[in-house]
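Annotated active site per Swiss-Prot: Arg158, Glu343, in sequence order. Summarising the annotation, Swiss-Prot assigns active site, proton donor to Ser239. Per Swiss-Prot, the feature domain 'FAD-binding PCMH-type' maps to 11-213; the stated evidence is sequence analysis.
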Amino acid sequence: MVSFSEITTLGVGGSIACFIECSPDEFVERAPGLFRPGHHVLVVGGGSNLVASDCPFPGTVVRLKSRDTIVSDDGDYTRFSISAGTSWDDLVSYSLDLGFDQLSPMSGIPGTFGGALAQNISAYGAAVRDVLGSVEVYDACTSEVVTFGLEDMRYGYRTSALKNVRNKVILGGTLLLKPGPTPVLHRQLANALKVDLGTYCSGKQVRDQVLRIRAEKGMLPRYLVPKGFDVCNTSSVGSFFVNPIVSKEHLSRLRRLVPQGALNSSVIQTDEMGGVKVSAAFLLEQSGFEKGFCISGSQAAISTQHSLAIVNRGGATAAEVIELAGLITRTVSRKFDIHLIPEPVFVGLEL
């Protein structure tokens, strides 16, 4: 019997009553019989953004298989048609091999293409929404396959219209890419490459540097970690909390609670809606949660390389992960009156 601990990058979670792997087409054929009253159905990708309860899951978990990516001309763009089960990083690597560099800043992000669309991934100045063509979705309420455009996805920070929605399943989608190099739009990446912002660099240069940055933070899947880098922090869901957005008034109160000058441009950023995005990692550190912190006797800990990652040090349970995450959210809330929102999807759990 398959368990969530076997199919998630965090490596926690109980047994699954029924586990199915199938292609998107096979899923559409079988779906009406799966989505029946009283039966729980969960469709997963790479399990890199999922935390499941230790209790047995009584329903069906479906993992969609990948299929070949189809590349075709579409006017000024080249259209990549991709199945939901395709590894995101494999897609990045494949697009680079074909001379399309736009996805290179998002190298090394674990999980699948379907998860990337639902999660609205972005990294180092690039975002999946900026190149989205369409999303193919199975609607369990109507048993039909429908197409979502960019507006239909209602993208927000690390969220979309399809995140945490169990009756709509992403089957695949299209990205519209242009060949050639892409400008470096993120300060940390520019500094690492030793170039000015806006400089055009080859996708391979960008990819190599992004993978190195992620390895230094312990934010790469184990199979992508370059030789010589630590792999002890790879059992995680990446960043466990999203960076909170606060009002400018709240930011003024926050300044009085932290050391003078601490709220600099490296930890705050103006949001496109007029709020201020604050580094969640900064809030954890200012609340006393240092890298490597753990509750006594627990195998769940904060990564020794990145303050925002909760890692499984070996044999951790979902209960231990939630215990640590709960302690963090309560402490940050008491100290700064800021509620941290978890980034991963919870199954049978809540903070």
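Each position is counted from 1, following the chain as shown.
Glycine is treated like the rest: Cβ placed from N, Cα and C.
Sequence features, as recorded in Swiss-Prot, placed on the structure.
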| residue | record | DSSP (3 states) |
| --- | --- | --- |
| Arg158 | active site | coil |
| Ser239 | active site, proton donor | strand |
| Glu343 | active site | coil |
*Same-chain residues six or more away whose CB lies under 8 A from the CB of Arg158 (active site)?*
Gln119, Asn120, Val242, Glu343
_Residue among the active-site residues Ser239, Glu343 whose Cβ has the most other Cβ atoms within 10 Å_ = Ser239
_I'm checking region-level scores; what's the whole-number mean pLDDT for the domain 'FAD-binding PCMH-type' (11-213)?_
96
